[in-house]
């Protein structure tokens with residue numbers, strides 16, 4: 001009997017504080033930094049983003065999203081035997097203990113199942129789903145909670161208008177389970193460390209102090225050029241593995257980073273814009289959280305239906321990128 005992994009629950013959470021482009025324009029303007037709603041939207045497709053309060057951590061957002069996903073799946077927390085958290089903004093300095101372990105404790109899971117973090121920045125959720133798929137197919141785990149969660153507002157330089165306007169905070173989660181029915185049809189992952197410098201937080205911890213900058217740095221033109229060159233290729237690779245043509249894809253759910261990158265990928269794949277899920281306008285780039293946020297929204301509003309085929313793809317710092325073809 002062939003065992004597949006299948007997504008049976010989705011959930012998401014955005015912190016209550018919503019910051020519009022106009023809000024940011026006023027904030028930056030008070031520092032003598034010029035920007036506007038038109039300038040931000042025309043370059044990114046972003047109208048607003050959400051920021052977590054100072055006492056809220058990535059794990060808190062993750063737990064809220066996970067509860068929604070578990071409810072949809074009809075499961076209790078102790079039914080989960082593996083937690084994978086994709087995040088670049090972990091609760092603890094150095095990333096340990098893992099945010100996944102913190103989430104496990106906050107969900108009240110006491111069964112001793114495995115829990116670990118994945119660091120692949122914006123492609124982290126795709127990496128996490130790919131890992132969960134492999135564990136389930138290997139028969140070592142049955143019910144896996146995969147979460148993308150970020151508080152990117154903590155690492156933004158609000159004196160750099162080219163980056164601080166792009167990112168937001170949020171979390172998304174899926175419950176994946178072993179199934180006799182096809183679910184995840186194919187995954188494909190890539191990375192190329194030669195491009196590590198074009199999107200990074202360049203500081204390091206030395207002797208208890210930060211050596212270098214603790215803020216996100218991005219070479220926007222270089223990131224754009226690389227993203228549009230690799231996303232269509234990896235999506236095509238995943239489709240080929242799945243034996244699915246682009247025409248058979250019901251929904252493209254891309255990493256919600258920049259509307260121009262998203263549109264470019266859809267165009268290269270021959271997918272019409274009305275078959276692409278777009279949520280970047282309302283929450284900005286939430287890094288590892290963006291795909292599960294978009295997936296949850298499109299499931300709950302009825303666009304993505306059971307039996308439909310979805311294509312998820314993302315690219316992030318590292319550089320790392322990947323794609324997943326799945327049947328819902």
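Numbering starts at 1 and runs along the chain as it is shown here.
Just so it is clear, glycine is given a Cβ too, placed from its N, Cα and C backbone atoms.
As annotated in TrEMBL, region 'ACP-binding' covers the listed stretch 256-260 rather than the other ranges in 251-255, 256-260, 261-265. Distance from the CA of residue 122 (active site) to the CA of residue 285 (active site) is 9 Å. For the domain 'Beta-ketoacyl-[acyl-carrier-protein] synthase III N-terminal' (116-193), the DSSP counts in helix, strand and coil order read 27 helix, 32 strand, 19 coil. Sequence-distant contacts of the region 'ACP-binding' (256-260) (same chain, six or more residues past either end, CB-CB distance under 8 Å): 43-46, 122, 166, 224, 227, 278-281, 283-286, 290-291, 293-294, 315.
Counted within 10 Å of its Cβ, the other Cβ atoms near residue 255 (active site) come to 32, all protein chains included. Working note on the active-site residues 122, 285: by count of other C-beta atoms within 10 Å of each C-beta, 122 ranks first.
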